[in-house]
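Trainee: A single structure is presented below for examination.
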Amino acid sequence: MLFLALAVTLAACPLAAPLSRLVGRQAGAVLALPLLLSAALLLAGGSPHAVVEQWLPWMPSLGVGLGLRLDGLGLVFSLLVLVVGAGVMLYSTRYLGRERTASFYVLMTAFAAAMLLLVLSDDLVVMFVAWEATTFCSFFLIARSGEGAREPAIRTLLVTAAGGLSLLAAVVVMIVVTGTTRLSEVLAHPVWGSDAAFTVLVAVLLAVAAFTKSAQFPFQSWLPDSMVAITPVSTYLHAAAMVKAGIYLLLRFSPALADVAVWNVLLVSCGLTTALLGAVSALRRHDLKELLAYSTMSQLGLLVAMIGVGTPAALTAAVVHTVAHAVFKSALFMLVGVVDHEAGTRDMRRLAGMRLRMPATAAAMGLAAASMAGVPLLLGFISKESMFAALIESPWGPGLAALMTAAAALTSVFTVAYSARLVLGAFSGRGDRLVREASPLFWGVPALAAAASLALGAYPAPLDAGIGGAASVAAGSEQEVHLALWHGLNAELAVSAVVIALGVALVLGRRRVDVVLAPLRSPVSGLGVVDALRAGLIRGGGVVGGWSGSTSPRRHLAVPAVCLALIALVGLPGLGELPPVAGDRSRPWDWALVALLAAGVIAAVRVRTRIAAVVVTGVVGFSMMLWFFVLGAVDVAVTQLLVEVLTVCVMVLLLKRLPARFARQTLRRRIPAAVIALAAGLATALGVWALTGRRGLSPAAEYYLREGYEATGGSNIVNTILVDFRALDTLGELTVLGVAGVAIVALLRARPLAASREVDRVTGSPLEDAWQNGAFLRTATRVIGPIIVVMSVVLLFRGHYEPGGGFIAALVGGAGFALLYLAAPRDHRARIRWPYLLLIGLGVVLGTGTGLLGYLEGSFLKPLGTEVLGVSLSTPLLFDVGVYLAVIGVILASLNKLGRDDPDPAAEPPQDPDAGDAADAPGRRPHTPHYHPTHREVKTR
Amino acid sequence: MTVAITAGLLVAGAVYLFMQKEMLRVILGFILLGHAGNMILLAAGGTSRREEPFGAPGDLSAVADPLPQAFVLTAIVIAFSITIFMLVLAVTGREGDDATDGSPEERTEDAR
């Protein structure tokens, strides 16, 4: 039932976009239905004093699930969210213009769903996600309101997202300490009573989260700022729903925290401060909507203070006032929207110059404002009475009780004054311009809400059960609630009477009040603080970024090298007793390899020309190949050999575009480099010596060696690991490879290659002519080429049983292409023009597709085998073909893009005998005349 | 011992090349660092057992660990593609492959 209600609400979201394309603003009328249906479902399935729970596993290993729980508190809030939401949807059909409405409806329905999820969720993780979702919906709804809304939207996001982080911290702390993510279990956990530090921490974090959401001091500034959003958004988010999320959170955790002093002090002091601040500010506003925004802040402040008091009476009063506030404030916002829509302004100074003949709107606004002011017979009166009563009976002695009551009463005096200011400001104009009543469909919804304020105020009994249920949950004990208009002559009635009398006095003397209040200026503007913090943060980021802002690789690469040495230095004393070395880690002939490799490394750091550097690094690579061979890694050795060959091929392609010699380095730079290098090398050697080779065969290796052949039918265990056991790893690596290939191509398309160097050549020698020069290689390629192709295919297919496999086969094939390239007399004649990007894509697709085939037997990449016409085909083989294609694609991409200059469209066609080959685009190398042997002008250079 | 020395030599060479101003030498440094990483991976599997991991199980006491070998095999190919990518970075854009950022302090350091 709960899932159904949530699903119905959620269903409105995907429906919203097509619907509003189809019928424009009228979509709201349809979208109200799922919200109402969902509300009906909850009403039918839930009851104020019972609990309905549903659970759907989401991340079972973490114990996180989509847990929904409907209790009295959830019921009241979800009904508020859904019914007010439906009302706003209906209202929007008249308020919105002919502009595009799809994003509005999508976001509003998404917001309703998020809010419903928030108040129903019984899982802390889900609750946090829903909380953040409301933040984002609010951001987008404000931001879509036009150019001027950008900054307010960002400020709102910054403040509420900061609160979200606070909630996240609270959620994490609660989950870690209680060991469960279920909200109901967390709240029932004994830790709240026993661990004071935990309780205080969570109380502060939750309070901060709620304060940002409900615009409480010192986070209040975003709420008036957000009034740039259109009126339906303000009505729903910033009056009835989103700001109530903070109230919900506080009420939800009240049973665990109501006795915590920090909680009481924070909530009461911040709440009452906000209440007074908001009320005084509201009295100074000329914009009707802004006035309502400050009033919302003020009323929420009262609610927060009531929750802070924490007695059952105070919590009951908070729930009553939440309901009352939602009803009258949504009505007021919508009615201001009606006035704004019809009169074209909501500034009371401009409205003073008009005459609004809008009896229904005026009557409804009068009623709703009276409810806000706490005039008897209206729901607002009942809620205000119960708040005064709870404050007078608050548990911290008569002094504090009197102080708090006085603050609340003063707020209420101002409330009366600004309620009157609102109505009078809208309708007391005596100008010439006549504004007529809007259509009943427009003012109907808010009038209904205003009427509800009256009806429920006069006869509040229908609310008893629901509010009692919510109060019971918030108080943690069963509460019987009987709302009534008349409680006899008592203290709270006296306070109410004084409040109304003083309020009326303020209304009568409103011109004097304006004169007193107008010059008041807050010394610090909340918005200014937010903006200053933001600018400061960005500046701070710039400063921190500046420390590492260099684009010079050596500056960045030095850091990890130094750190490696430092780690070794710090870790050395902590090594302690090492386990004995298992077996004999070295063989006598190893030393020959070490010597060879050392010679290569020393040469690599000392050589002065680029070509020599490439050659000696090749020496190191070949020593590595021998090392792998000696260590029993045949496939690895073969791969290393082939990669070494291909790396040298690609480097040679690029060397002609770089200077021949390296720049001279000063001794002052060489010495620190050498010191860091030696330290890092020493640390590495020490680490490898101390930390490896001190155990037997690992269990994983033992499994692969014992079971590998049986399980896969392949005798090359390394290859079976690649394509059977750990194929997902290989698929990931395949993808990285493909991405690298695509990146190479993209980079070369975006940026030109550096120009080739001018080379002095000996004229008249056969070396000068590429055709003669390549004769030997060309002849050899004719013989070797086919052999390489056959070898490549054979290696691919036998990889499962003997050295070979997709990687090796593709590298052999790639070497074949490199040979073709080298043997060609001219770049563009080389037969390497294959669709390399397609090959890369095919490889990745084939690998993934093979993985998907595995689902036939239950899981991704599960190996399958079948016999077709006596030939055994298996998905690992297919997977290896994918590897093959991707690797060959990358090699072809680099040969094609680096080895061939793209034809220059501006250049004239080359005049040489090879021109006219239709399949190959004619390439030209303006900077490499030696590639155009027939160009005689070369010699004149 | 020999494997440890090999890895240490490779890292020392790599780090020294990292400190140079030419992109090509930095790339060669990365190649050496890749070798070092592969060597350490194999060392982690143990280098006292050196028989090729092939075929049906027999006596396992001398057979090398196949898992690091599989890691190293793919690592070599990936390092290859990354090397090409870095080479492309070296030859596109600015003339030459001087990789220093041209900031005043770096220039003065080089001039000294």
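Each Cβ is built from the backbone N, Cα and C atoms, and glycine gets one as well.
For reference, TrEMBL lists these features for the protein:
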DOMAIN    A:55-105  domain 'NADH-Ubiquinone oxidoreductase (complex I) chain 5 N-terminal'
DOMAIN    A:121-402  domain 'NADH:quinone oxidoreductase/Mrp antiporter transmembrane'
TRANSMEM  A:126-144  transmembrane segment
TRANSMEM  A:196-215  transmembrane segment
TRANSMEM  A:227-249  transmembrane segment
TRANSMEM  A:291-309  transmembrane segment
TRANSMEM  A:315-339  transmembrane segment
TRANSMEM  A:399-420  transmembrane segment
TRANSMEM  A:441-463  transmembrane segment
DOMAIN    A:595-659  domain 'MrpA C-terminal/MbhD'
TRANSMEM  A:636-655  transmembrane segment
DOMAIN    A:669-756  domain 'MrpA C-terminal/MbhE'
TRANSMEM  A:730-748  transmembrane segment
DOMAIN    A:777-892  domain 'Na+/H+ antiporter MnhB subunit-related protein'
TRANSMEM  A:783-801  transmembrane segment
TRANSMEM  A:836-856  transmembrane segment
TRANSMEM  A:876-895  transmembrane segment
REGION    A:899-941  region 'Disordered'
COMPBIAS  A:924-933  compositional bias 'Basic residues'
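Give me the structural setting of these features: burial, nearby parts and distances.
Mentor: Sequence-distant neighbours of the transmembrane segment (A:315-339) (same chain, 6+ residues past either end, Cβ-Cβ under 8 Å): 73, 76, 80, 84, 87-88, 91, 95, 231-232, 234-236, 239-240, 244, 247, 251, 254, 258, 288-289, 292, 295-296, 299-300, 302-303, 306-307, 346, 351, 356, 358, 361, 364-365, 367-369, 371-372, 378-380, 382-384, 386-387, 389-390, 422, 426, 438, 442-443, 445-447, 449-450, 452-453, 456, 463, 467-468, 470-471, 474-475, 479, 481, 483.
Through the fold, the transmembrane segment (A:441-463) approaches residues 87-88, 90-91, 93-95, 320, 323-324, 327-328, 330-332, 334-335, 338, 341, 358, 360-361, 363-365, 367-368, 370-371, 376-382, 482-485 of its own chain, all at least 6 residues removed from its boundaries and within a Cβ separation under 8 Å.
The list of residues near the transmembrane segment (A:636-655) in space but at least 6 beyond its ends in sequence, with Cβ under 8 angstroms from a Cβ of it, reads 610-611, 614-615, 618, 621-622, 624-626, 628-629, 718, 803, 807-808, 811-812, 814-815, 818, 821-822, 891, 894-895, 898-899.
Counting same-chain residues at least six beyond the ends of the transmembrane segment (A:730-748), those with a Cβ under 8 angstroms from any Cβ of the stretch are 722-723, 836-837, 840-841, 843-844, 847-848, 851, 861, 879, 882-883, 886-887, 889-890, 893-894, 897-898.
Counting only same-chain residues 6+ beyond the ends of the transmembrane segment (A:836-856), those with a CB under 8 A from a CB of the stretch are 727-728, 730-731, 734-735, 737-738, 741-742, 745, 862-864, 875, 878-879, 881-890, 892-893, 896.
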Trainee: Could you check if the domain 'Na+/H+ antiporter MnhB subunit-related protein' (A:777-892) is in contact with the domain 'MrpA C-terminal/MbhD' (A:595-659), meaning 3+ Cβ pairs under 8 Å among residue pairs at least 6 apart in sequence?
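Mentor: Contact between the domain 'MrpA C-terminal/MbhD' (A:595-659) and the domain 'Na+/H+ antiporter MnhB subunit-related protein' (A:777-892): present, because at least 3 Cβ pairs are under 8 Å.
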Trainee: For the transmembrane segment (A:126-144) and the transmembrane segment (A:291-309), does the number of C-beta pairs under 8 Å, pairs 6 or more apart in sequence, reach 3 or more?
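Mentor: Output no: the transmembrane segment (A:126-144) is apart from the transmembrane segment (A:291-309).
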Trainee: When the pLDDT values for the domain 'Na+/H+ antiporter MnhB subunit-related protein' (A:777-892) are averaged, what is the result?
Mentor: 83
Trainee: For the transmembrane segment (A:227-249), could you work out the same-chain residues 6 or more beyond its ends whose Cβ comes under 8 Å from its Cβ atoms?
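Mentor: Residues packing against the transmembrane segment (A:227-249) from afar: 73, 77, 80-81, 84-85, 88, 91-92, 95-96, 104, 108, 111-112, 115, 118-119, 131, 134, 137-138, 141-142, 145-146, 148-149, 152, 167, 206, 209-216, 287, 289-290, 292-293, 296, 300, 303-304, 307, 318, 322, 326, 329-330, 332-334, 336-337, 340.
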Trainee: Same-chain Cβ contacts of the transmembrane segment (A:291-309) under 8 Å, 6 or more residues past its ends?
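Mentor: Residues 210-211, 214-217, 220, 223-224, 226-227, 234, 238-239, 243, 246-247, 250-251, 254, 263-268, 270-279, 281-282, 285, 315, 317-318, 321-322, 325, 329, 332-333, 336, 372, 387, 390-391, 394-395, 404, 408, 411, 414-415, 418-419, 421-422, 425, 474.
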